[in-house]
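Student: The region 'Disordered' annotation in TrEMBL covers 1-24, 84-116. Under the heading compositional bias 'Basic residues', TrEMBL lists 1-17. Among the features that TrEMBL reports, compositional bias 'Acidic residues' is placed at 96-115. Per TrEMBL, transmembrane segment is recorded for 182-201, 351-369, 376-392, 412-437, 444-462, 527-551, 641-661, 667-684, 696-714, 738-758, 831-856. The feature domain 'Citrate transporter-like' is assigned by TrEMBL to 364-794.
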Amino acid sequence: MRLKSARKSFSRHKHKHGLEFPQPSEVTEASLELWRTLPTKIRQDPSMVSFQQVELEHARLHASIHGYSRGPSPVEANFCRLAGDDHEDSFPDIQPMDDDEDGEEEEDEDDEDNGNEFITINVTNEQGVNKELEHIKEKKEIPKPHVHHLAGHYIGNITPPKHEDIDTGQNHLDEDHPFRKYSKIICLFITWMVIIAFLVVKDEKLVHAKQLSIPAGKTRPYILPKLPLSSKVKFSFEGTFLGEQYTNITEHYLTIYLQSLTSTLEGNDSELLNSDSVHNISDPWHVPIVHPYLFDSAPIIKKQHSFDISDNNFERIHAQSSAVRMMVKSNIKASFPISVKYDQSPVNRDIGVIYAAFVLIFLYALIIWEVVHRTFAAVIASTLAISILAALDDRPTMEDIVGWIDVETILLLFSMMILVAILAETGIFDFLAVYIYKITNGKIWNLIHCLCICTTLISSFLDNVTTVLLMAPITIRLCEVMDMNPVPVLMAITVHANIGGTMTPVGDPPNIIITSNQYILKHGVTFLTFTAHMMVGVIIVVIATNIHLRLKYKNINNLRMHEPKELKELRRNIKVWERAAGKIPPYSKDANIVRETLMKKVRLLRHELKKKMTKGSVPEDLYRTTLEELQKEHPIKNKGLLIKSGVVCAFIISLFFLESIPELRRMSSGWAALLGVMLLLIISDKNDMDAVLSRIEWPTLLFFAAMFTLMEAVERMGLIDWIGHATESIIQSVSEDLRLAVAIIIILWISALTSAFVDSIPVTAMMVKIVVALSEKSTLGLPLQPLVWALAFGPCLGGNGTLVGASANVICAGIAEQHGYRFSFMDYFKLGFPIMLVSVIVTTGYLIMAHVVFAWH
């Protein structure tokens, strides 16, 4: 009965995988003799059941002829094992008649990945037959020189390794190659010399304002104090102007243009004004202004404009005794006050764009090749950009530089870092990690998908940076528990944080910039319409991203710190069976029966290996043991502090939502986070501020400050405007029937690719102006909303392209490095950039189908 049960069990096993092993009737005496020469472990495998059955019949026949009773043979015992019956017979054990069985089994060579080496030992058995026994000697694990992730050594203990004990892998090549080291020092020293040379030679540019009053119905002249030093003259005006979106709804304008004056008289300004030699040297610029009744209540708006002077006029002005004056006139019946700033030597945008591109390439070279730490690289690049501005006679003042730094973002990051540091003391991150470990049943892909979906949902309503600050510690602890490399999973949740932030107007700073535009708000882009249009696209992008992750990490071992023992054993067994099959000469039909049986077993093992490599999980016994141990070791440590922190988090989130309502917008996100953290410090009675402040990622905050300065300097050189004008000219060059599709594609792809390498905030601010201008031009006939959705998707998804493409990416890298898991620019680029391309391609298809084909708008 036990043998029947075993045969049925194996029959189900083989049919499940579609493999047909030989039937007992197909086993010949010659093939049985070959089977007897195989190692014991192979002979007793379930795949050899037909040979075992024939051998059992022979053994019974032999026993009946000799007339004695015996215990179960190894063949019978194997059937009992297959049947699941552990009952032992009371018969005495009689050794089988196979002289080749001596309890020794032949092992095979393992591949290099398993790290095993084989030693061949020659021994002589009782019959005097010299046999070779192959034993496996486990090699001692030799750590790789650049491995920084030690999470595998912390199973059952989710306390992260100390950062100072981890090899960060920063520039080992410098220590091994003195030439590389000194080359780096020389290049950086030359850069420092260039910076100090320009900053010492050039003064800060100070442009003073001049107050003018434009008389009703008259022209007001203003003689420029100095002649222009280039063919472009830049003016800044402040007054009660109207925005560009209101150009078509007003009849009140200022007209501004330049004239040259040539006179042979020496005297005061009046002599120049009476001169007969007057030439218009620029085109007129029309500025819409508010109605005179609104002068006292309208806000002051700043506008900038550069007048182009032809080369002939520029040469004539400097060759003759000439002066240049600005002429301002209005068509209203009231005086109009304005403030004017005149810059006689603005940056030459044609040259500035080249320098701006050079600075960005220099920055990315420092980061990609890890010449220096990314924070120091940003400081060097931003300082170099300021020195280049000085070389172009446009050195900013210290007041300007401080104003370039987005204090709101720095304040938000600072406050949320303190909040997360205090939350960590409660043990909530360890507790949540254990809970997620429990509901995912120790399955790797269930865990990754759960983390990614949670990150996407949280990021839809919280800032991406806040989401990463909350999710990264949980992710690291979970990966340590499951012996996984945290770096790929951290990058995956960062990608989903940027994707999720696309869904709502409050999810990402670019969305806030877009939905804060008054023209866009007045054309039907509300919170609900924005979320409805973006949600469909986000769901599609999340699905595509998860498919991309499954394909990239099809081999689940690429996510592990170490290959599991069961996979090593499977690889070794495959080699053993392949070698056993290779030793059987394929000269006869009998030999082929045994050989084919062995190869079918090899295919079965390969199928099992592929399945385990695709669907990774923690072994059931280890999962249960680890879960019980974690639940005991990581409960909530301080429930009182957790309740207080929860109340503060609810307060901060409430203020975040109130900020999205224009009527209730009184406080920015930075102030909301700071006030919440101050409240938490008060009610938790935290006296040891040194311990709290020591957990803040100061290098990350400095990196953001340097990047804000760099992006403003690059914009001042003209790179952002150059991108905007190129985008607008491309859209206007296509035919009208294709214009909407081309506009969507151009806005989406240019904003995405630009945001991958340049901060998304200035890119979005620039592209909003382009979108509004395209929508306002009635000759183009472009609807506004599809362009808005394309612009919202572009910067958010483009931020996934590189490590510095989004704030959340840098924050995640900082948290990972703090825990000892460092990943470089190229590590992120290899994962993030392909995901960004796939996301933008999918989004392009969605927008074209929704708004070009079906005209959802």
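Count begins at 1; order follows the chain as displayed.
Glycine too: its Cβ is placed from the backbone N, Cα and C atoms.
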Student: Mind looking up the mean pLDDT for the domain 'Citrate transporter-like' (364-794) in the predicted model?
Tutor: 84
Student: State the non-local partners of the transmembrane segment (696-714) in its own chain: residues 6+ outside its ends, Cβ under 8 Å from one of its Cβ atoms.
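Tutor: Residues 356, 359-360, 363, 373-375, 378-379, 381-382, 385-386, 388-389, 396, 401, 404-406, 409-410, 413-414, 417-418, 421, 720, 758-759, 761-762, 804, 807, 810-811, 814-815, 818 contact the transmembrane segment (696-714) from elsewhere in the chain.
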Student: Below 8 angstroms Cβ to Cβ, which residues of this chain, lying six or more residues outside the transmembrane segment (641-661), approach it?
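Tutor: For the transmembrane segment (641-661), the sequence-distant neighbours (Cβ-Cβ under 8 Å, at least 6 residues beyond its ends) are 419, 422-423, 425-428, 461-463, 505-506, 527, 667-669, 672-673, 675-677, 679-680, 683-684.
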Student: Does the transmembrane segment (376-392) come near the transmembrane segment (351-369), with 3+ Cβ pairs under 8 Å (pairs 6 or more apart)?
Tutor: yes
Student: Look over the recorded stretches 412-437, 444-462, 667-684, 738-758, 831-856 and say which has the most C-beta pairs under 8 A to the transmembrane segment (527-551).
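Tutor: By Cβ pairs under 8 Å, 831-856 leads among 412-437, 444-462, 667-684, 738-758, 831-856.
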Student: Which of 351-369, 444-462, 667-684, 738-758, 831-856 has the most Cβ pairs closer than 8 Å to the transmembrane segment (412-437)?
Tutor: 667-684
Student: How about long-range neighbours of the transmembrane segment (351-369): same chain, 6 or more residues beyond its ends, C-beta under 8 Å?
Tutor: 377-378, 380-381, 384-385, 388, 392, 710, 713-714, 716-719, 722, 757-758, 802-804, 824-826, 829
Student: Are there residues at least 6 beyond the ends of the transmembrane segment (444-462) whose Cβ is under 8 Å from a Cβ of it, and what are they?
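Tutor: Counting only partners 6 or more residues beyond its ends, the transmembrane segment (444-462) has Cβ contacts under 8 Å with 436-437, 468, 470-471, 474-475, 478, 482, 484, 489, 492-493, 496-501, 503-504, 506-507, 538, 542, 545-546, 549-550, 556, 559, 615-617, 653, 656-657.
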